[in-house]
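Visitor: Structure below; questions to follow.
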Amino acid sequence: MQNQDTIVALATPSGAGAIAVIRVSGPEAILIASGIFKSIHNKDLKKQRTHSIHLGHIMDDNRVIDEVLVSVFKNPNSYTGEDTVEISCHGSSYIQQEIIQLLLRKGCRSAQAGEFTLRAFLNGKMDLSQAEAVADLIASENEAAHQVAMQQMRGGFSNEIAKLREELLNFASLIELELDFAEEDVEFADRIQFQDLLIKIENVLKKLIDSFATGNVIKAGIPVAIAGAPNAGKSTLLNALLNEERAIVSDIAGTTRDAIEDELTIKGIGFRFIDTAGIRDTIDTIESIGISKTYEKMQQARLVLFLFDANDYKEHYKNLEVEVNRIQNKYPQKQVLLIANKTDLLNEHRIQTLQTKFPEAILISALNRDGIEQLKEKLLSLVNTGVLTSGDTIVTNTRHYDSLNKALAEIKKVQQGLEENLSGDLLAIDIRQALYYFGEITGQVTNDEVLGNIFANFCIGK
Ligand code: GDP
């Protein structure tokens, strides 16, 4: 990793805005910036304190490019841990480019995606999982996603892992010490205590691994598929949920050709609605969806809203039960909600019959937007939102999830080894391996390829 370059990038979105921020970081940041900046008070940037702001002009020789504010941050007290200068200029694309080009001519290099955060990691300003949380935070679009990213960025997750890693490391050292005294047959590492620690680690790992199911959907939004026969009212329901005329509604069966996705936030939790192209011909041939897009979409969904036309149900209800059961059997992991639509067309008697026949069904009228709030409440209740309010750590990152699973497998091996009275040297190998996977999460052990992959997903300028 070459950290000697001074890098520059636009930190704000490209295009015109009121203000743009250009970021410069590296050993020459202040020197280079001072060469193009003329303070209105004739201040020399090189002599300014850290965390100070200065008004002046960016000059290309004698030509004034813009009036700007320059913030100075000195190593190690900056985001990257290096000398950093942030230029807040007027947000025209022309000005942004002029200043960046000027900085490049004066010796900066264009930053790569995530390079500022990569440097923060390499300079020990944050560990790897915190750096990853920065990207999640930038991408978060609802309260829940924001909250889990914030928690991770503030180190909740890493602290837990780092503590376990340290305790495990202690035992590893003691067991390895025993190896040096192999002749004397001593035991420095108390096996009972060690077993207790392993159980503790196992529990923490399991809890974190379990949290991923929630964490992952929170980050991306909980995928919900809306399924049902043509004309059941799927598009109308989607519109009602989203409160807008988004999907195409029509009387002609099968108008919803393409799957439409839209997002809805209910009390801070993001839901992604997938309006499946009407399950045509499926009332009794559910297997046929096996080849369709609908099937694919249902596959991705965590919740399936299975909608039927209640005004039409007499004809179909036998099949309906069979169909719901089939979906449930086919996707045992998914929750299928049966929804009776068009209840505005039913009289009291038929409503009662419907309720007796399908006690678990939610009765709505998508057209009149009746029952939509209840449906939203129901959706929310199906998601384990408790984890959000409890402040428990939630894993949202696939990379962490993989490492946690691998660490758990190693911990189980160590436990088994202890039970079988495995020799210290063999135990030590498994412990070291578990430690390795812990270290992968926080970045104590890492390689350039992994780092490259992680930071390539960042935006440039962060
Ligand atoms: P899809 O094929 O399942 O997407 O069904 P659409 O949403 O396109 O609706 C088909 C027809 O049923 C349209 O004419 C809608 O206006 C009508 N419709 C949808 N929901 C209701 C409802 O709750 N009550 C009544 N009376 N008609 C509805």
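Sequential numbering from 1, following the chain as shown.
Each residue, glycine too, has its Cβ placed from N, Cα and C.
Heads up, TrEMBL stuff is auto-annotated, nobody curated it.
Pasting the feature list from TrEMBL:
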- Arg23, Glu86, Lys125, Lys462: (6S)-5-formyl-5,6,7,8-tetrahydrofolate binding site (BINDING)
- 231-236, 250-256, 275-278: GTP binding site (BINDING)
- Asn231, Ser250, Ile252, Thr255: K(+) binding site (BINDING)
- Ser235, Thr256: Mg(2+) binding site (BINDING)
- 221-384: domain 'TrmE-type G' (DOMAIN)
Visitor: For ligand 1, which among the binding-site residues Lys125, Asn231, Ser235 have a CB under 6 Å from it?
Guide: Asn231, Ser235
Visitor: Relative to the Cβ of Glu86 ((6S)-5-formyl-5,6,7,8-tetrahydrofolate binding site), which residues of the same chain, six or more apart in sequence, are found under 8 Å away?
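Guide: The list for Glu86 ((6S)-5-formyl-5,6,7,8-tetrahydrofolate binding site) reads Ala11, Val21, Ile22, Arg23, Val24, Val70, Ser71, Phe73, given in order along the sequence.
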Visitor: Using a Cβ-Cβ cut-off under 8 angstroms and a sequence gap of six or more, which residues of the chain neighbour Lys125 ((6S)-5-formyl-5,6,7,8-tetrahydrofolate binding site)?
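Guide: The list for Lys125 ((6S)-5-formyl-5,6,7,8-tetrahydrofolate binding site) reads Pro76, Tyr79, Thr80, Gly81, given in order along the sequence.
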Visitor: Let me know the most crowded of the binding-site residues, choosing from Arg23, Lys234, Lys462 and counting other Cβ atoms within 10 Å.
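Guide: Result for the most crowded candidate: Lys234.
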Visitor: Which value in Å gives the longest Cα to Cα span across the (6S)-5-formyl-5,6,7,8-tetrahydrofolate site residues Arg23, Glu86, Lys125, Lys462 as recorded?
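Guide: Between the outermost Cα atoms of Arg23, Glu86, Lys125, Lys462, the distance is 18 Å.
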Visitor: Inside 10 Å of the Cβ of Ser235 (Mg(2+) binding site), count up the other Cβ atoms and send me the figure.
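Guide: Other Cβ atoms within 10 Å of Ser235 (Mg(2+) binding site): 22.
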